[in-house]
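Worksheet: one structure, shown below.
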Amino acid sequence: MLSFRNLRQQQRIRVHLCLLLASLLVAVSSLMWEFFIDYSILHLDDDPNVLQRNPVWCRLLHLFKEYSIVALFMWMFIEFFHLHRLLMHAFTVPRSLRFYYIFGFGFPLLMISIYGILRQSDEQLSKRCYISHSYLDLICNAPTLITLVVNLILLFRIVNVLVRQLAPHPNEPSSFRRALKAVVMMMPSLGIQYFMFLWTRPESYSTLRTVHDLLEEIVCSLHGTLIALVFCYFNKEIQTYLKAPCLRVLRRSSWFQERSANRSHGNTMSTQYGSEHNRIYKAGGSDGADL
């Protein structure tokens, strides 16, 4: 998306890029937590693990992870809000995305700062890298839950508009198929999988919880991949921009040049044979007719 100037200048592509950036932050923070926290806990013998020592960098890493998740949900909301605005008010396109940037990256920073200050002010809640559950988790979970509910409302409104605009007859099956396709394409940016696993996790350690945690890791880890597929690789406009450089690279390859040369040689031979056949046919009279 950043390689083509015409794509970079589009507001819709800029919103997609910010959503992908937020997803990248979630992936980086999760990998860092897995490596520096979970890995160290599993591979320490008698020394106190990171959670027990509670260093400053561990608490900052937890805040960074929470910030990335809240930012991801904010940009998922902005995706639906921007699409809804374009459908409802097609001729009032926002002149600048400055408000989107402030809300998408600035609002999570404000919430996480308040969360970190309140955590640090309580002696019990400031232990174990802030991972102990408390009422302060609502500071992070409430905005994401609200955005999820609002995204569902916007999704229903968007589908309603699509069904009314895709076909003159609302009972036509093709309109419903197109609307269903649009819903499926927008589902990765809804973020419902996080809350689906958050509220269904078994309390006791068992085989069911192991399966639950495994599915959670797989589905949530593939969230960024699904967003990239929907908004980038399956986007026909981006595919059109990618065809030109791909064709140039292909034409420079030796295999393509050799195949083109063989094809040109075959066309030349076919043309010569056809010309010779016509010449004999015209000059041969009855013999040409037999031919």
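Along the chain as shown, residues are numbered 1 onward.
Backbone N, Cα and C atoms are what each Cβ position is placed from, and that goes for glycine too.
Quick look at what TrEMBL lists:
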DOMAIN    1-235  domain 'G-protein coupled receptors family 2 profile 2'
TRANSMEM  67-87  transmembrane segment
TRANSMEM  99-118  transmembrane segment
TRANSMEM  138-159  transmembrane segment
TRANSMEM  179-199  transmembrane segment
TRANSMEM  214-234  transmembrane segment
Any contact between the transmembrane segment (67-87) and the transmembrane segment (214-234), i.e. 3 or more CB pairs below 8 Å with pairs at least 6 residues apart?
no
I'm checking region-level scores; what's the whole-number mean pLDDT for the domain 'G-protein coupled receptors family 2 profile 2' (1-235)?
79
